[in-house]
Number of protein chains: 4
Amino acid sequence: MMNTFGNLFRLTSFGESHGAGIGGVIDGCPAGIELDMTFIQNELNRRRPGQSKITTPRKEADEVTFLSGVFEGKTTGTPIGFIIWNDNQHSADYDNMKEVFRPSHADYTYQTKYGIRDHRGGGRSSARETIARCVAGAIAKLVLMQEGVHIQAFTSQVGSLKLDKSYQAYDLSLTESNAVRCPDPQKAAEMEELIAEVKSQGDTIGGVITCVIKGTPVGLGEPVFGKLHAALGSAMLSINAVKGFEYGDGFEAALYRGSERNDRFYNDNGKINTHTNYSGGIQGGISDGQDIYFRVAFKSVATILMEQQTVTKTGEDTILKAKGRHDPCVLPRAVPIVEAMAAMTILDYLLIQKTRG
Amino acid sequence: MMNTFGNLFRLTSFGESHGAGIGGVIDGCPAGIELDMTFIQNELNRRRPGQSKITTPRKEADEVTFLSGVFEGKTTGTPIGFIIWNDNQHSADYDNMKEVFRPSHADYTYQTKYGIRDHRGGGRSSARETIARCVAGAIAKLVLMQEGVHIQAFTSQVGSLKLDKSYQAYDLSLTESNAVRCPDPQKAAEMEELIAEVKSQGDTIGGVITCVIKGTPVGLGEPVFGKLHAALGSAMLSINAVKGFEYGDGFEAALYRGSERNDRFYNDNGKINTHTNYSGGIQGGISDGQDIYFRVAFKSVATILMEQQTVTKTGEDTILKAKGRHDPCVLPRAVPIVEAMAAMTILDYLLIQKTRG
Amino acid sequence: MMNTFGNLFRLTSFGESHGAGIGGVIDGCPAGIELDMTFIQNELNRRRPGQSKITTPRKEADEVTFLSGVFEGKTTGTPIGFIIWNDNQHSADYDNMKEVFRPSHADYTYQTKYGIRDHRGGGRSSARETIARCVAGAIAKLVLMQEGVHIQAFTSQVGSLKLDKSYQAYDLSLTESNAVRCPDPQKAAEMEELIAEVKSQGDTIGGVITCVIKGTPVGLGEPVFGKLHAALGSAMLSINAVKGFEYGDGFEAALYRGSERNDRFYNDNGKINTHTNYSGGIQGGISDGQDIYFRVAFKSVATILMEQQTVTKTGEDTILKAKGRHDPCVLPRAVPIVEAMAAMTILDYLLIQKTRG
Amino acid sequence: MMNTFGNLFRLTSFGESHGAGIGGVIDGCPAGIELDMTFIQNELNRRRPGQSKITTPRKEADEVTFLSGVFEGKTTGTPIGFIIWNDNQHSADYDNMKEVFRPSHADYTYQTKYGIRDHRGGGRSSARETIARCVAGAIAKLVLMQEGVHIQAFTSQVGSLKLDKSYQAYDLSLTESNAVRCPDPQKAAEMEELIAEVKSQGDTIGGVITCVIKGTPVGLGEPVFGKLHAALGSAMLSINAVKGFEYGDGFEAALYRGSERNDRFYNDNGKINTHTNYSGGIQGGISDGQDIYFRVAFKSVATILMEQQTVTKTGEDTILKAKGRHDPCVLPRAVPIVEAMAAMTILDYLLIQKTRG
């Protein structure tokens, strides 16, 4: 609820797009973890605007400063405070947003909910908030590596261009080799072209990110309301612009019969295994040791550089045309965010599971 | 986390399929609510097995007994304890399940997680657990009615048979007029036929439920991790057999451009309104006063009356053939469960919103 | 908050004095614990009215029925639902309470908070609610025994009669040998006499319970708000009639200087130990391996069989004289309740600590 | 649990004594509250070291910087991040603490719990952490003022010097007129003298703080585990050096009979009132509209400038003599901390109560 995510590994975040910065407090991180600052900064760089010609050119260093909880390079078990200062605060650019509700943004709902809002660049509802998630996610990943858990997300669809095979058919290590973060270089090139075209029109486009988690032990997940996939779904749906979540065979499962999709067990040289993994690595809300995989749908970014009809704060019809930069496709930058949320969720459940022993 | 759902309106449930009963404690229910017992029992009847020839014939009265929190017919603000006794405990029927892990059931994961399990009929992982949700959901609905909120779910897809228009094109009041709970009588008949065929083969089939919530005020939803759709998604994904959740235009949003899908505001006779509602009634995680609608994908029920390869507890290959009754399609009975989870979620957020005034 | 206690080992309770019964749901109990029913029932018997001539004669069997979470005598890791039926519901006896607010009872505050209340015997505010705590506490004790933790409470003061030495000066195994549960047989006899005298006047008397916890490992307690003694304090203060809590040297600590009360460390044959334990086994909110001990102050029971001035629901002055039975001193029966709350708190923190490893 | 306090009004704090600073995130603060920066800074100044000759001379500006959640001087309903930079980090001073466990400090327990600790000045266990509480408490006070709630704490005992009358006998507005924060100027002078003497010996002394809350509406408090005094008790016990908590007549209640201490109701010109207030403004865990008052016992500060026996990290006996400054009596500076914790608790319960309407 509110601005805290997680139970035992917990991120409380704060900050607005054009305030002092974006930050947070990570509570419950195991003590004695070596903080690999290069790794953490690299995770932030992966979500930073201006990485390539197909993202928004906003250029901020996005360097994280740790304020507590780390001593001589290691976590101490006390809360890890951190901040990423905003260094690019052209607040005046947003003065024309003060009186206008942008279509499909949160301006109207925030204003109505709170009776007040920081209109500069979306304030708290800005996607810039996700930078705090990447910091906490990076630390979660560092802990998970020690437990043998590996998380990899990638862009699997942009507009109508989609990867049509299962994740197993691709070499996921190629994901970072291109600007869209798609493991199929051919498809990636097509996606890049599409995004460039959309960008040139001042428009935006949606897509889908797929995420695969390998190495989770059997047993993560809390019946009945805290099913592992319910937690993963909630985590993903809390990311800006996400419209849908499915795991395993997802919506496709609706089409099939039990006889076609039950994952049959067999004795795999002394180990219990399944022939198929339509279940997506989760049975009855609990991880079964197979790969966990899921898909996350993103809508097109709401800020477009085209004229749009809308209303002012007082309800008068007006025409809005955003100026300057815009992000034609959020997918490439959202890949590390999906991974970060998955990492925090899995680590939280790993910690809970330790109490069940 | 664990067996509690919600923050301010909260259900803690307990019970196994073949234990004494299924029950729960509802905490945080507003005081002074008249408990309409006919309404509540009717909600339970909607999810009860044996309602029609296309559901499992298991016949239990499923009558709820309230144990506390109600005085002279009204809620008192103290916790509402309740139980639905199990009256049909043919535990012996399940003795052959003791040593076998059923494919795509939670037998294996529960056994590994806890080192022990109640194997009778799935124990805690049985869908019978959802009866507690229907009790709490019914009470949430009674509170929501007073606030002008109305929730309606319906079967929109069974196998490949699907409603191809938006929910607005149908007369949702027809939903309860047929056994599949589909508002299109023609399509409903086809679905019934499909389910009957699947049943005759001892097989099962999946589908999709759509849910529409009307009358929510602007402002429900907690940024940033407690977005309203993240809570709804988590609630739905916690229901047995659910594989996916999408709201508004959902996965379809991936295909479109911002210029095509932004919901433009206009002045609607002095009120701020939007021309379209691709957003599904939620902007930036907060309700915007439009209809909230979402879709929930269900896989086919894992219990089939056909031979399946599987393993025993000790990992030996074996052939399983379930006997007796089975539920060929969970969709019709899941409609009230989807509504119940939606009702609890919305009420929880309504209560939170009262603290924001 | 509300009717749930604990984080990872969690009790949600329900029930009113004169409703169907008192019950609860225990969530997070480790799986595979053998439920020793004789032990559990004995814990309930220790708090039951009518054990001796110095308690209220209300006679209820107070037998617990487990509804879930137990299979073949062992916990399964799923929620443990339970109920203790009320079998002695002379509701009519309480009709004269309907319109009157009893002094120093919760009648007035409940009525004002909720606008409605179950007036029969105090409803939810009745001390009968604590029976659910004893069930959960008994199970927590069973788990703690396996971890080598032992909890012992005893009556250390009734009115002005008090034990004037430290708990170490007494043989605590004598606690259960007398009706007041005081380990000093001589003082116990005096206390019994005092209570009998108070009872004969229709009056009541307060006192203090001391509790000692042995065998806790070093490291339990969560900085900074979840200090172990803060959790113990909150647990104790949630018991009906409790007015104060102190641990270690408590209020007496105010009188002394650092040089007099610091617990100096020394090397105790290779183990770090302290010469004294004024800290009460907790340093900086974290257990240090010494005995944890604390004191809990109880006011006199509010129900007296004497005339008292009060007001009706509508605010008119009136004279109240309660009839029938009353409990002259809650201390003896509160001893197991103090232990139960301590057991749940310690177990909760033991589970949390497992995630820190 | 952990480093978060509160449910709906919530502080998550971070920071160590000699790290970058102390900060926190306040979540759930109502929107539209004007942040009176002079008031907030004054609250911080009240707890700052070096205010008078009887406190520790450590001189830090302790200026709070708000990082988010405030726009044009008002709260926006989004999380309020803040930090107080540490500007006086003589870490080298603490190098001799690295290998030694100071008596009655948390060095040993932190080291054992986490396997690592920031030894500089107590790290996270330093009382400097309470500065974050004062920031959040100051904001809570600003909200409470609008609701007509007023909170006032004062030093009522230092060593054996104590105020022997009820709080009503004093003019509490005199509290801030002297360095000990005692409303009796005569007694204050004696206390000052005692503290000065203790200080000159390099020793420390304990005491008691009394707190009075006026203006709370009837109805705050959540049965059964969230009783208002249980929350207040937990809040107070979470403050460093606190050893005991009592409300109303507290431990004294043990001495009296029901007939002596029941708070009788009467019709007070049409309003329900009580003749006495032994209950301390709380009945059955719920505020009854009378003054809430409670007492908090503090032990003497553990850091003394005298030789003490202790052990090293590896368990060898050694003699410790702290150098430099020390705080002879924490009471004066703890007065605003007690108020801050009370303010957060009351506001949290006020917000919860809004959901009960």
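Glycine is no exception: its Cβ is also placed from the backbone N, Cα and C atoms.
TrEMBL does not curate its annotations; it predicts them automatically.
What TrEMBL says about this one:
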BINDING   D:ARG47, D:LYS53  NADP(+) binding site
BINDING   D:ARG124, D:SER125, D:SER126, D:ASN240, D:ALA241, D:GLY284, D:LYS299, D:SER300, D:VAL301, D:ALA302, D:THR303, D:ARG325  FMN binding site
Binding-site residues (D:ARG47, D:SER126, D:LYS299, D:VAL301) in Cβ proximity to chain C, threshold under 8 Å: D:LYS299, D:VAL301
Surrounding CB atoms that lie within 10 Å of the CB of D:ALA241 (FMN binding site), all protein chains: 20
Neighbour-count leader, CB within 10 A, binding-site residues: D:SER126, D:THR303: D:THR303
Inter-residue Cα distance where the pair is D:ARG124 (FMN binding site) and D:ARG47 (NADP(+) binding site), in Å: 17
Inter-residue Cα distance where the pair is D:LYS53 (NADP(+) binding site) and D:VAL301 (FMN binding site), in Å: 16
Among D:ARG47, D:LYS53, D:ARG124, D:LYS299, the one of these binding-site residues whose Cβ has the fewest neighbouring Cβ atoms within 10 Å: D:LYS53
Whole-number Å value of the largest CA-CA distance among D:ARG124, D:SER125, D:SER126, D:ASN240, D:ALA241, D:GLY284, D:LYS299, D:SER300, D:VAL301, D:ALA302, D:THR303, D:ARG325, listed as FMN-binding: 46
Chain A neighbours, filtered from binding-site residues D:ARG47, D:ARG124, D:SER126, D:ALA241, D:LYS299, Cβ-Cβ distance under 8 Å: D:ARG124
Cβ neighbours of D:VAL301 (FMN binding site) where a neighbour is any other Cβ within 10 Å: 25
Coarse DSSP state, helix versus strand versus coil, of D:SER126 (FMN binding site): coil
Pairwise CA distance, D:SER126 (FMN binding site) versus D:LYS53 (NADP(+) binding site), rounded so that it is a whole Å: 21
From binding-site residues D:ARG124, D:LYS299, D:THR303, the one whose Cα lies nearest D:LYS53 (NADP(+) binding site): D:THR303
Secondary structure at D:ARG47 (NADP(+) binding site), reduced by DSSP to three states: helix
